[in-house]
């Protein structure tokens, strides 16, 4: 593990992800203020997430051919420019749904490359034997930012003018750029470069069981990752659409951070495969309970629990997928995972906007909860993924550590 490179990298990661969450929080509120429409809110967030669906399949090949650090530097610089463009449009009172969706789309394109690129660089910094630790540490930085980003955005959401908030957001991406400059670029000679030889059959083809996990990831991304559409309307229904929304996101971030820290120090607790479908089921139950809770602390606590379950599910499923593949496959697997988890959020956001328009907040929560639980019943009926035994060994061991006959089974 390259310790001198890890610390500035994690610092830059923190600045960048704080910027991402601050942007998403302000984007949701800004879309709602401009249009006063739940449907337009969903469409705007869909514009941000749509590139993940359209381009993630090709990002793995892109990361295999270009230096990851150079790409990440360009991404931070361009994100800073986009945030400043938000600030200028707002300061000049020229912001409208058209420019808003365009800027959201451009930012989403950059984020589509940024997320798997950061995963790939971090696993290279840590080495093959510490993949789970790398994912968990990345999750700590990511989910710590989920607390700070919305709270920082909340300082500006109390004002009708959000231009200063987006200007500060641009400075965060500039700081991420500076930290990344200090990172010693990890070796990229693991066979991922162009010309390294014919590509092997991917781990996803060799391990059909992985597709069962990826199917679960896809449905969870479609139905359970739409809080940026649901929670602004939920907060508005409670009479606190500004800082209240940021507090809801911060509570989710606190629960997610707790899960990430626990996974970092007690990873053995999270190596049981039955937890992978259990966490989405518990999230669906939380969705069913949330509309009936009283405003205040009970709601914040339930959202913290939701954040805990969501991070546990994402980290466990991500580690299970990455560890099934060789280092050569890792960029592709990271891109596929990102596409299935985040790429269909645009469709989920649009569906959620329609649900909110016709069913209201409570009805939307109930419908999403019921649909998720129904899918899980069907998934479990046909899935053979169980904790313990040979599957448990496969999940814990890297491909290089397995016997040859086990890998080919």
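A Cβ is built for glycine as well, from the same backbone N, Cα and C atoms used for every other residue.
A quick note: this is a predicted structure, and the numbers were derived from the prediction, not measured.
Positions annotated as transmembrane segment by TrEMBL: 7-32 (among others). Away from its own ends, the transmembrane segment (7-32) comes close to residues 38, 40-41, 44-45, 48, 76, 79, 83, 95, 97, 100, 104, 107, 111, 114, 118, 121-122, 125, 137-138, 141-142, 144-146, 148-150, 152-154, 156-157, 162, 165-166, 168-169, 172-173, 175-180, 182-183, 228-229, 231-233, 236, 241-242, 245-246, 249, 253 of its chain (Cβ-Cβ under 8 Å, at least six residues beyond either end).
Taken from TrEMBL, the feature transmembrane segment applies to 38-59 (among others).
With a cut-off of 8 Å between Cβ atoms, the residues of this chain six or more beyond the transmembrane segment (71-89) that come close are 12, 16, 19, 23, 62-63, 95, 99, 103, 106-107, 110, 113-114, 117-118, 121, 162-164, 166-167, 169-171, 173-174, 176-177, 180-181. Among the features that TrEMBL reports, transmembrane segment is placed at 71-89 (among others).
Sequence annotations record features per position, and here TrEMBL assigns transmembrane segment to 95-113 (among others). Residues 20, 23, 27, 30-31, 34-35, 40, 43-45, 47-52, 55-56, 59, 62-63, 71, 75, 78-79, 82, 85-86, 89, 338 of the same chain lie 6 or more positions beyond the ends of the transmembrane segment (95-113) yet place their CB under 8 Å from a CB of it.
The transmembrane segment annotation in TrEMBL covers 134-158 (among others). Note on the transmembrane segment (134-158): residues 10, 13-14, 17-22, 24-26, 29, 118-119, 122-123, 125-126, 164-165, 168, 242-243, 245-250, 252-254, 256-257, 259-261, 263-264, 267, 307, 311, 314-315, 318-319, 322 of its chain, located 6 or more positions outside it, place their CB under 8 angstroms from a CB of the stretch.
A Cβ distance under 8 Å defines the sequence-distant neighbours of the transmembrane segment (164-183), meaning residues of its chain 6+ beyond its ends; these are 5, 8-9, 11-13, 15-16, 18-19, 22-23, 26, 69, 72-73, 76-77, 79-81, 83-84, 86-87, 90, 152-153, 155-157. What TrEMBL records for 164-183 (among others) is transmembrane segment.
The transmembrane segment annotation in TrEMBL covers 213-236 (among others).
Per TrEMBL, transmembrane segment is recorded for 248-265 (among others).
Annotation source TrEMBL lists transmembrane segment at 274-293 (among others).
Residues or ranges marked as transmembrane segment in TrEMBL: 299-321 (among others).
Outside the transmembrane segment (333-359), and at least 6 residues removed from its termini, the chain residues within Cβ reach (under 8 Å) are 38-43, 45-50, 52-54, 56-60, 63, 112, 115-116, 119-120, 202-204, 214, 217-218, 220-223, 225-226, 228-230, 233, 314, 317-318, 321-322, 324-325, 367-368. Per TrEMBL, transmembrane segment is recorded for 333-359 (among others).
If you look up TrEMBL, you'll see 365-382 (among others) marked as transmembrane segment.
If one looks beyond the transmembrane segment (274-293) by at least 6 residues along the same chain, the residues whose Cβ comes under 8 Å of a Cβ in the stretch are 213, 216, 219-220, 224, 234, 299, 302-303, 305-306, 309-310, 312-313, 316-317, 320, 361-362, 365-366, 368-370, 372-373, 376, 379-380, 383, 385-387. For the transmembrane segment (365-382), same-chain residues at least 6 beyond its ends with a Cβ under 8 Å from one of its own Cβ atoms are 212, 215-216, 219-220, 223-224, 226, 230, 277, 280-281, 283-285, 287-288, 290-291, 352, 355, 359. Within its own chain, the transmembrane segment (299-321) has Cβ neighbours under 8 Å at 119, 131-132, 135-136, 139, 143, 146, 210, 213-214, 216-217, 220, 224-225, 247-248, 251-260, 263, 270, 273, 275-276, 279-280, 282-283, 286-287, 289-290, 293, 333, 336-337, 341, 395, counting only residues six or more beyond its boundaries.
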